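What Swiss-Prot says about this one:
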- 27-113: repeat 'Solcar 1' (REPEAT)
- 33-50: transmembrane segment (TRANSMEM)
- 88-107: transmembrane segment (TRANSMEM)
- 121-206: repeat 'Solcar 2' (REPEAT)
- 131-144: transmembrane segment (TRANSMEM)
- 182-200: transmembrane segment (TRANSMEM)
- 217-304: repeat 'Solcar 3' (REPEAT)
- 219-243: transmembrane segment (TRANSMEM)
- 279-298: transmembrane segment (TRANSMEM)
Amino acid sequence: MGVHLEVLDTGEQLMVPGDVLEEENKGTLWKFLLSGAMAGAVSRTGTAPLDRARVYMQVYSSKSNFRHLLSGLRSLVQEGGIRSLWRGNGINVLKIAPEYAIKFSVFEQSRNFFYGVHTSPSFQERVVAGSLAVAISQTLINPMEVLKTRLTLRFTGQYKGLLDCARQILERDGTRALYRGYLPNMLGIIPYACTDLAVYELLRCLWQKSGRDMKDPSGLVSLSSVTLSTTCGQMASYPLTLVRTRMQAQDTVEGSNPTMLGVFKRILNQQGWPGLYRGMTPTLLKVLPAGGISYLVYEAMKKTLGVQVLSR
């Protein structure tokens, strides 16, 4: 757990496995990346109903049937059947490959730069490296995030598919619509990365004080630590995540374009501070199963592909 980049996919953040970063493992890089991508795909598919409920609660929280998780899920099933709970999952899985590859490449370059300055990167340097990796990957896949949000929220018959959704957005709002929510997305990276890594470092210190070997913790300890730190990071950046989703979901109406501050004010005026945490329940509920599924699938894929992890 020396480098906080475990294989954990919560649906919001896909992290690069730390064992990929060891020099001796570079020859089997494609196997690690394939294992991670498969883990993310299975994880997101398994928790897709909770993710769709989260998006609906964030966007339509003023409607009585989407104020609570169970009533929201019931409404979704009534509108489109059981299969509708997986709307938007296709592109959510599709964007794993570019997200994973970009995040890994940027983090690898940042890591090499900092290792050239120090033997071991400091806390601040790891925050910078991780934040830079997330920022660049999110910049490049933001259009896919917008499409994912629109497809997740679509009602039966609204779009014929991914390409039809993209065409309608471009015809109605232009290319700028594909970067709706970009600013709150970027701003949310800092509190997420700082909180995530700070909690992880705290847990690492507590583990070391217990007198146990920090270099070889059990899978359960590693999974629990990353899950808890990731959850805290999500809570710290959640209001910005909610605003991002609201902005991505909104169409341009009569030439108006929703701004980040405008969405913040609207939420606070209509729902108060609690409104900034709408949809938090399904978000928290999916963290543990998503992390557990991705971890187990990743380990199973490595075993299937015959990967032997070699560390320095």
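We number each residue from 1, going along the chain as drawn.
Glycine is no exception: its Cβ is also placed from the backbone N, Cα and C atoms.
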Task: Report, as numbers and ranges, every residue of the chain located at least six residues beyond the transmembrane segment (219-243) whose Cβ falls under 8 Å of a Cβ in that stretch; write 'none' if there are none.
output: 1, 4, 6, 8, 10, 12-13, 15, 58, 181, 184-185, 187-189, 191-197, 199-200, 203-204, 207, 260, 263-264, 267, 276-280, 283-284, 287-288, 291-292, 295, 299
Residue distribution over DSSP helix, strand and coil in the repeat 'Solcar 2' (121-206): 73 helix, 0 strand, 13 coil
Statement: Summed over the repeat 'Solcar 1' (27-113), the DSSP helix, strand and coil counts are 76 helix, 0 strand, 11 coil
Query: Quick one: DSSP breakdown of the repeat 'Solcar 3' (217-304) into helix, strand and coil?
result: 73 helix, 2 strand, 13 coil
Query: What average pLDDT is reported by the model for the repeat 'Solcar 3' (217-304)?
result: 86
